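Trainee: Per TrEMBL, the feature domain 'Major facilitator superfamily (MFS) profile' maps to 8-452. Summarising the annotation, TrEMBL assigns transmembrane segment to 59-81, 93-111, 117-140, 152-170, 182-203, 267-291, 303-324, 331-353, 359-377, 398-422, 428-446.
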Amino acid sequence: LTGTLVLSVFTAVLGFFQYGYSLGVINAPQKPWGGTEGTLAPPADPGEDLATSPHILTMYWSLSVSVFAVGGMVSSFTVGWIGDRLGRVKAMLVVNVLSIAGNLLMGLAKFGPSHMLIIAGRAVTGLYCGLSSGLVPMYVSEVSPTALRGALGTLHQLAIVTGILISQILGLDFLLGNDEMWPLLLGLSGVAALLQFFLLLLCPESPRYLYIKLGKVDEAKKSLKRLRGNCDPMKELAEMEKEKQEATSEKKVSIRQLFTSSKYRQAVIVALMVQISQQFSGINAIFYYSTNIFERAGVDQPVYATIGVGVVNTVFTVISVFLVEKAGRRSLFLAGLMGMLISAVAMTVGLVLLSQFAWMSYVSMVAIFLFVIFFEVGPGPIPWFIVAELFSQGPRPAAIAVAGFCNWACNFIVGMCFQYIADLCGPYVFVIFAALLLVFFLFAHFKVPETKGKSFEEIAAAFRR
């Protein structure tokens with residue numbers, strides 16, 4: 001673990017920090033803006049009282065939440081093209097312009113039609129996050145030594161939960177979550193974008209990209225020496241040469257070929273299912289319900305209890321960084337899904353019996369914390385980097401684009417539909433998630449291979465078997 005490697009990975013995952021901040025900031029727990037309960041959207045203009053027309057406010061609000069995921073869905077398909085065309089570092093540099101522009105639009109919302117500026121800012125930020133969520137795992141997996149690939153891969157998730165936690169804290173009423181400061185709160189992740197922009201100028205290009213895609217052997221050696229220090233680069237170069245020969249024989253794979261070729265079918269199904277399991281696990285529902293459950297449990301300041309969930313989220317993501325190389329990806333993924341399943345059942349029992357037994361609120365509270373802990377053990381971090389591990393150089397960009405689109409599409413579906421399902425099912429909403437978690441567990445048990453400590457060729461061979 002060298003200083004250059006640490007700097008490179010830290011700089012790259014700042015993209016995921018911005019993703020987490022953008023997810024969390026829109027749900028910042030504070031007094032509503034615009035006078036309508038349950039929303040944080042500002043009035044359309046200073047002279048308009050949207051409290052008299054809450055459906056208009058709700059429409060603007062829904063748009064500002066969901067347009068972020070739409071931006072991510074659209075841009076995720078161009079990840080492979082821009083990553084190969086510009087190189088990993090230059091691509092991350094260029095897409096940062098989108099983040100800075102989007103955050104400026106939101107930060108200046110008070111100076112124009114605020115609802116339009118926020119929706120436009122969220123859309124542009126979504127475009128950035130869609131590109132970043134593909135480029136970052138690609139770069140991190142390619143600069144990491146095999147032995148550290150999993151541990152460094154989980155840092156994506158750590159960056160996301162740190163972003164969510166910081167947005168929750170800054171969103172408190174006495175900090176930035178008030179009538180005066182909300183534009184600054186929404187646009188603040190632009191600071192991380194600026195920091196990433198300047199730090200990327202110090203980061204070496206991916207040696208794998210230089211060697212395999214461009215054939216620049218000497219530059220790849222220099223890049224490897226910067227990343228590895230005094231270690232002999234010959235072993236990794238030999239591995240790259242082997243991968244290059246495979247890449248030239250298999251050619252670059254299009255998205256259409258990815259689905260039509262039997263060679264990649266199993267890997268594609270696994271890549272898509274791990275993304276679906278992350279979004280449909282119910283983690284967003286937990287964050288939605290947590291404040292409500294803490295209120296029922298008699299917590300004086302449920303906002304702080306919800307932030308407590310964010311702290312637990314962050315702490316256990318740090319723990320998973322150390323666990324992932326010891327226990328392996330597959331076993332952690334399975335353990336996380338089973339733990340979430342048991343927690344979802346406990347949550348349902350707690351919510352259903354709450355009216356009969358007051359102490360059931362504490363069962364629900366414990367279940368919330370356990371649900372979050374188990375999510376961060378496996379289903380949270382692993383989908384972000386396992387896709388890059390499942391595919392060799394030829395199909396990897398297309399696979400990352402498809403997996404990214406799937407993750408964003410599921411994110412959008414959960415964001416749009418969860419409120420209606422929760423209203424329809426009430427406390428039984430977690431039965432749906434328990435059933436889904438059981439399906440995901442069984443799939444992972446039979447189909448997801450272990451990728452710990454294996455080269456891309458060995459993983460491909462496991463699928464062929």
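Keep in mind that glycine also has a Cβ here, set from the backbone N, Cα and C atoms.
Please treat TrEMBL annotations as automatic predictions, because they have not gone through curation.
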Trainee: Counting Cβ pairs under 8 Å that are 6 or more apart in sequence, does the total for the transmembrane segment (398-422) and the transmembrane segment (182-203) reach three or more?
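Mentor: The transmembrane segment (182-203) and the transmembrane segment (398-422): touching, no.
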Trainee: So what's near the transmembrane segment (331-353) in sequence-distant terms, Cβ-Cβ under 8 Å and 6+ beyond its ends?
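Mentor: Contacts with the transmembrane segment (331-353): 274, 277, 281-282, 286, 293, 320, 323-324, 360-364, 366-368, 370-371, 373-380, 382, 426-428, 430-431, 433-434, 437-438, 440-441, 444-445, 448, 450.
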Trainee: Who are the chain neighbours of the transmembrane segment (93-111) in space, where the CB to CB distance is under 8 Å and they lie at least 6 residues beyond its ends?
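Mentor: Hits for the transmembrane segment (93-111): 18, 42, 82, 86, 117-118, 120-129, 131-132, 135, 183-184, 186-190, 193-194, 196-197, 200-201.
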Trainee: Average the pLDDT scores across the domain 'Major facilitator superfamily (MFS) profile' (8-452) and report the rounded value.
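Mentor: Over the domain 'Major facilitator superfamily (MFS) profile' (8-452), the predicted model scores a mean pLDDT of 82.
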Trainee: Do any residues of this chain, six or more beyond the ends of the transmembrane segment (117-140), have a C-beta under 8 angstroms from a C-beta of it, and if so which?
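Mentor: Distal contacts: 8-9, 12-13, 15-16, 18-19, 22, 26, 41-42, 60, 63-65, 67-76, 78-80, 82-83, 88-89, 91-92, 95-96, 98-99, 101-106, 108-109, 152-153, 155-156, 186-187, 189, 193, 206, 384-385, 387-388, 396-397, 400-401, 404, 407-408.
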